[in-house]
Ligand SMILES: [Mn+2]
């Protein structure tokens, strides 16, 4: 396996527009076609409407959620009796915000209310029995859980035994047995009528708040949006409305705690969006609970005391800095361990442990390891007794199921497809690592370990302007299930390259047809570093607005970039025609009205120029690159510019058709010059039969054959090419892009795909392919192999032979 730090992505084009809906969207909302295409490829008409206009009035009635009415009545009874109500929350941002939302709601109703947040490091997640004892001692008569409790059968029983009523509100998956609480609210409950089940824990708390205080609950949406973003629930449907409206309110919040946090984070003069919440505010709220108690974070959100909230905001800042330091240190140690002890060729799941790793931070580090190596990872912190681990996964690997497979070696495990936690005995670590990798081998292929890049639309011949970039803003807020769209830009020519910030970033100016592009590379990869002026590149990136000194411009934020072989599509078509082309069965009409036979003419350049200068429409058909270049060079030298170079419709009176896909344009012209030798007999006669009633000039000669053969050399492999590719694979490289130049392998991609076919046929290598990637591995072959005997090489040889026979015929014989 090559350098794992090098970024290689599979490109997956997801575009599948519904043409009729696209038109409707364009008409109805005045959106550009490419924007409408993205919407129509994943949403129906009603969903598009809701997506583009998230509106509070489209929130569902809270009473649709089973248990809300009963919960409201029970809460009102306890308030009337002036009972103490305790909210039981969780230490993550979802739990903290849910606790705060319900607390502020109950306060508004004049309730006697407090809250309880378990400590991550001491108590762990969820309701525990000792906590119930403590709460009972406070004199609490009603416990309302938020963001937890759906599995707490015993604990709820205990609370009820102690004379406490219990309302469970949660959004986690429903286990086999649920607690016999007085009320259970969870949008995932079976047979539920509620139309949207992806609410975060704070979303469920908000529904209860809506039932209790009506539209006054909207004031709390700033807090609700933070928990919803942080919990990474799908940002569609009701969540989209909550976050869109919540962010608006967050920017003008009256919550003094949020104001203090925003100020302490340096965001006071910035339009806060989902990015700032997810990456700046939420980590601070989380930090307290990771290292110590999360109570401070709740106090920040509910406090009325200016001085207190300032202190807490500063404290959270400090805790967050500490968390970052610890995280970075563990990350460095983990990477070192991977380099020294993990065999990435054999172990698809990275399992690491250490006795000094902080258990509150290993989860974040696991996500960074998984992101970096694109494979599942589990980090385990070994304390005094058992080890506590936290894992993250990749698409295609259900972590929960994997842990189930290893359950004999675990004390405890829980979680879901993408993230999970474990408790493990120290002496089971090695066997657990073996077992989980055994499971991984059955479900993950090598190709699954290559990260993929989703592409939402291909930019064709359209101008990407500020208007389109602004229309894309309507897709915000971005997040889970609503990522920022990625676009594919093909065949851009690089005109300028700038290094910015000491080479950390790069800016590339590129061009295609009449349109210019400003590309920003914030995360410069190998290929990004190799880009030079004049290169042809394919780029995947998002379209964003760059504002600088009050001036707005469009920039492409590049996610991946590949350098392309110049004239790639020419060589690709040529290889198809030579090896795959089957001539049509129907008899070709060889009768031509008027051939002007100038074969062997000495100066065909002058001949073309003379015809171009004459009245009337003239087209030149050129088949080889060398001859095209020499013709263009000559015309430039003669300062003759009155022609167009085209492959389809030519605009001007004079045209050059380079290796045309279609011969339809020939009908516009009176004079047709066949400049060099067509690659196939059938093509030659097709040109003749498309030229009825016109004058055909033949100006090629025998020496031209050399240029055709030169084109063959570009794409047909020779012995040295096989050796080069084989060595490349032997050196441990195993991934090749199908259509792009490989940074370490200087070989035409069309040529190496022939090499791969032949080597595979003869059993030298194994080949897997998916999307735009070949994955190669060596085979041990005992006897000597003759690659020239392969079917594909025989096909190539006979195509070449057939061409030479045909060429020799048409340069000399009567036609
Ligand atoms: Mn949650």
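Glycine is no exception: its Cβ is also placed from the backbone N, Cα and C atoms.
Keep in mind that TrEMBL annotations are predicted by a computer and have not been checked by a curator.
Note that the structure is predicted; figures quoted are calculated from it, not measured.
The annotation domain 'DDH' is assigned in TrEMBL to 85-228. The feature coiled coil is assigned by TrEMBL to 309-341. Residues or ranges marked as domain 'DHHA1' by TrEMBL: 347-440. The domain 'RecJ OB' feature in TrEMBL is assigned to 455-560. According to TrEMBL, the feature domain 'Single-stranded-DNA-specific exonuclease RecJ C-terminal' maps to 657-795.
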Sort out for me which stretch, of 85-228, 347-440, 455-560, has the most Cβ pairs below 8 angstroms to the domain 'Single-stranded-DNA-specific exonuclease RecJ C-terminal' (657-795).
455-560
Quick check on the domain 'RecJ OB' (455-560): DSSP residue counts for helix, strand, coil, in that order please.
18 helix, 58 strand, 30 coil
Which residues, given as numbers and ranges, are at least 6 beyond the ends of the coiled coil (309-341) yet have a Cβ under 8 Å from it?
256-257, 259-261, 263-265, 283-288, 290-292, 296-297, 299-300, 303, 350, 352, 354, 357-358, 360-362, 364-365, 368-369, 372-373, 379
Please list the DSSP helix, strand and coil residue counts for the domain 'DHHA1' (347-440).
37 helix, 27 strand, 30 coil
Give the mean pLDDT for the domain 'DHHA1' (347-440) on the 0 to 100 scale.
93
